[in-house]
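Note sheet for the following structure.
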Amino acid sequence: MAAVVTSHTELQFVVDTAEASGGGRMSSTIVAKGIKESLTSTLTKFHAGYFRVSLSLGGQALLWKTLRGPTDDTHTLRRTLHLFHPTAFTVLWSLSFFALVLLSILYLLRCLFYFKMVKEEFFHHVGVNYLFAPSISWLLLLQSSPFFNPQTHYSYTVIWWVLAVLPIAVLDVKIYGQWFTKGKKFLSAVANPTSQLSVIGNLVGAQAAAEMGWKESAIGLFSLGMVHYLVLFVTLYQRLSGTDQLPSMLRPVFFLFFAAPSIASLAWQSIAGSFDTASKMLFFLSLFLFMSLVCRPTLFKVSMKKFNVAWWAYSFPLSVLALASMEYAEEVKGDIPHLLMLLLLTFSVFVSICLVVFTLLNSKILLFLPHCFDPISSLISRAMCSTPQQNQQRPQTV
């Protein structure tokens, strides 16, 4: 039998109860819809270029592990820097690991739900180079890990193969293969500063292999990276018409010009066992390229007007240059090499701290604003929106 409402108060109570029940369900639906829209927006705007963050943090972690590691350098400055508490380094490495895991999960979700967009990255002349960044980040974290020794720990070998070497090898075949085979994507048409990430991937892999004692694998990766670096460097140096394809907002990636020889000097040191003449030559080359860029601040004027994720391209090259200067100072000794090391180390740490602060203050810009605020997203978006006639005129070659 249905209940009978006998007063206005009871009627109001029934209405309020019904509204509360319906409102609760509606509120849950709105929250779920908001979360879905937020995740969709994040995954559609996310791309491999965001791994610049983990790349930079991993470079800093490796820098501070080397600084705190055993050394034959008896200079007062090096001994003073060696006194930093190890907890700070552990916190830095943990932050780098958390950032890399988070970025990796997001990119795996993007591959799962928006594979077409990942495919567009793979075929884009700029986006494809950042596909090396996840593997490089994992290699840097492995080398800087405070928890196990690369020469004795089995998991190091497994991760080195699965997360680093195999993806790099696949991308090498794709990119280097199309440079000398027929097709529209020959080197002079697609080369740009981000192409040096392919070289850096091979060199970081060579350094990690050398630390594990795999000298032959290290030499193989080093030779592959250096041969293509020479070809790429000459192509970019000539400023051919096809190589000027970067928007002004992406000019921070010009710092990769001195990152590649810096990594090469460190990789060769790991292979040869000392910072010999070859390593010094590569270090001097990277130092010259660094000074050439620093003396031209107007080159980066447009890109520095508004914060975007491309700013993180400054940090990693500075970290590896400071790391190379540290090894140079240890080998050469003297006050001037150590003063140079201190200047580069201070500059590197200062830039990294500023980037972290700017990222925290502008976190919404990274994932929740339109593509026009992200130079890589806007590039790929324009490629996806090209007309069928343009696609027929410019076929994509794998």
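Just so it is clear, glycine is given a Cβ too, placed from its N, Cα and C backbone atoms.
Those TrEMBL annotations? Automatic predictions, nothing curated.
Residues or ranges marked as transmembrane segment in TrEMBL: 91-115 (among others).
The transmembrane segment annotation in TrEMBL covers 122-141 (among others).
Here TrEMBL flags 153-174 (among others) as transmembrane segment.
For 186-206 (among others), the entry in TrEMBL reads transmembrane segment. Sequence-remote contacts of a segment are chain residues at least 6 beyond its ends whose Cβ falls under 8 Å from one of its Cβ atoms, and for the transmembrane segment (186-206) they are 125-126, 129-130, 132-133, 135-136, 139-140, 160, 164-165, 168, 171-172, 175-176, 178-180, 217-222, 224-226, 228-229, 231-232, 235-236, 240, 242-243, 245-246, 250, 253-254, 256-257, 259-260, 263-264, 267, 270-271.
Counting only same-chain residues 6+ beyond the ends of the transmembrane segment (218-237), those with a CB under 8 A from a CB of the stretch are 165, 172, 176, 179, 187-188, 191-193, 195-196, 198-203, 205-207, 209-210, 243, 257, 260-261, 264, 267-268, 270-271. What TrEMBL lists as transmembrane segment is 218-237 (among others).
According to TrEMBL, the feature transmembrane segment maps to 249-271 (among others).
The transmembrane segment annotation in TrEMBL covers 277-295 (among others).
Residues 49-50, 52-53, 55-56, 58-60, 62-63, 66-67, 249-250, 252-253, 255-256, 258-259, 262-263, 265-266, 279, 282-283, 286-287, 290, 337, 340-341, 344-345, 347-348, 351-352, 355, 358-359, 362, 365-366, 373-376 of the same chain sit 6 or more residues outside the transmembrane segment (307-326) yet have a Cβ under 8 Å from a Cβ within it. The transmembrane segment annotation in TrEMBL covers 307-326 (among others).
Feature annotation from TrEMBL assigns transmembrane segment to 338-361 (among others).
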Other same-chain positions with a Cβ less than 8 Å from the transmembrane segment (91-115) and lying at least 6 residues past its termini are 39, 42-44, 46-48, 50-51, 53-54, 57-58, 60-61, 64-65, 134, 137-138, 140-141, 144-146
